[in-house]
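Student: Have a look at this one before I ask anything.
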Amino acid sequence: MYSGATAAAGPPRRDFISVTLGPEEVIGVGGYNNSKAWRRRSCWRKWKQLSRLQRSVILFLFAFLAVCGVISYTIMGEAWKSITNKSLDEQRTEREIPGLKLANPAVLPAPQKADANHGEYPELSLQKPPKPPHVHRGPSNLQIKAPRRDMRLKTRHDTIRAVEELVEADKVEKTEKSIISWRGAVIEPDQSTEPPSSKIKEPEKPSSVEGEDQKEPVPINERQMAVIEAFRHAWKGYKDFAWGHDELKPLSKSYSEWFGLGLTLIDALDTMWIFGLKEEFEEARKWVANDLVFDKNVDVNLFESTIRILGGLLSTYHLSGDSLFLEKAKDIGNRLMPAFRTPSKIPYSDVNIGRGTAHPPRWTSDSTVAEVTSIQLEFRELSRLTGDEKFQKAVDEVMKHVHSLSGKNDGLVPMFINTNSGQFTHLGVYTLGARADSYYEYLLKQWIQGGKKENELLEDYMRAIEGVKKHLLQRSEPKKLTFVGELAHGHFSAKMDHLVCFLPGTLALGAHNGLSADHMKLAEALIETCYQMYAQVETGLSPEIVHFNLRAQKGHKDVEIKPADRHNLLRPETVESLFYMYRFTGDKKYQDWGWEILQNFNRYTRVPTGGYTSINNVQNPSNPEPRDKMESFFLGETLKYMFLLFSDDIDLINLDKYVFNTEAHPLPIWAPS
């Protein structure tokens, strides 16, 4: 009922209000008119509508930005002030010293010359000053290179291949422009001559920095290419018939073992690097990495394994920067240390590198003086690289002991020393040949290696050279050749080993490092004699030993050869001294003499199927009687010195940065601290 009544009442009434706005109210105060005042009030209303947390965050952000702005302004202001002051300083310097520029100042410390201090000995500037640091020689994948290196490596390698073909066809052009792109390693400016710490440290790595003002690469000449071809021929025989073994027997196409440690391969590593033989080097490196194992039950000779294996590994490490060779060097170095466990600290001659035992030869308790005093360069360098002083301490004790011994004759030493008593034996016999030769060589070279600070070494060397002049020098007839003989219990013998031909080079090296100029004059006389030991022989190759005529006899030459002495072992000593003499004098005759020797090696010792052989009879050109053995030093020394002799690049193993061990492995000269 209720609903019906409502419906009858009709729709509800709607009320309306009409408002009229005048122009003033539309645009008047309080309305939106985009004015600054209106916007301020609008922003304030919105700010008041924010929560307290929101307002706090916004205030914090504004404060943070303000602080950052102040700090940035301070930093930029100081930097701008520094730049401004530097510019003013440079301007003042330009005014005071016209032409002096300060671009890139003090990027690297200025290198110091290793021969800065000569003591009382004046410097002889026979070799050009050292050039700025250069990059390493060697395969590109074994070191970090500066830009341009890979292209230059490829250029050299391809050129060597091309020129080798011309050499083999006797069509090598004298103007061949093969490029040497690998330089000798540089010595770090901060290396110290102080004794190394006993604390083990990370191995020092050679620098490979390339100087911005590097000179133009020096072309490889025809004679150097001939040496490379000879090396490749020798290496072919070794690879085909003796790979991984000690020495090649080229005639029987087999090998001989001495230590079973790949002597020829290790001896030749740095030679391949210097020659730029990239493929051969990398192949040999793989053998060292995978197959060279020192943990074997074998006796090795301390001296021979030090100069050939340890020296070869250290040298290759320095030239290539490849830590593999340093690790192998540390391994063999540690295994040789038992040799020094003797009552006198004079080392035994033989070491079993697997068992860690050492002993003298079966027939005597003596060691030869040359052997115990010609391992110092290598062990000292191993200490410098590893930071372990035990290596240097052991060999330094030997030198100090020998320095204090009696039994010398004006600096000349006997040939034998007893490992029990520490005293010289077989007194009264003095020679610069076998069993004593490298003692004199290492006196000088240790002094050079250590920065010319170890005066005892220099004193012993200078005294010994005076002893040579007083007791061992004579002149032959008819050409009056100056030679070094032997003294036995007061009796002079006109016998001279080919080994003695190391002496001219050593004398020249000493003169170059500031010693007496008379040493260079003696070197010039002796190298003439060593050359005549080749030139006066029918094959043009020197015998192992010669005897000189002291009286003129009709129909006799200066040189006489006994049947037991007429063999040639492909020895390096004369070529070694020719290299030093040419490097320090620039006299081309030394290169010509070396070229004659190389040609005669090719004529009488080269084996067609690969390799070179020592010969029994240098007096019989028609049948030199090959011995069927290629000594490891033919690749490690003889051909290396040949290549360096024929080079006009003094930075190709710069003699102000390197000193060669007695197996021709270059080790760095320690720069002054």
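Cβ coordinates come from backbone N, Cα and C, glycine included.
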Student: Identify which of Cys68, Cys501 is listed by TrEMBL as the disulfide partner of Cys530.
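Tutor: Recorded disulfide partner of Cys530 in TrEMBL: Cys501.
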Student: Would you count the other C-beta atoms found within 10 angstroms of the C-beta of Cys530 (disulfide bond) for me?
Tutor: 28
Student: If you measure from the C-alpha of Cys501 (disulfide bond), which of the recorded positions Glu304, Glu544, Glu573, Thr662 fall inside 10 Å?
Tutor: Glu573
Student: Within 10 Å of the Cβ of Asp437 (active site), how many other Cβ atoms are there?
Tutor: 24
Student: Among the recorded positions Glu304, Asp437, Glu544, Glu573, Thr662, which ones place their C-alpha within 10 angstroms of the C-alpha of Cys530 (disulfide bond)?
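Tutor: The recorded positions close to Cys530 (disulfide bond) (Cα within 10 Å), listed in sequence order, are Glu573.
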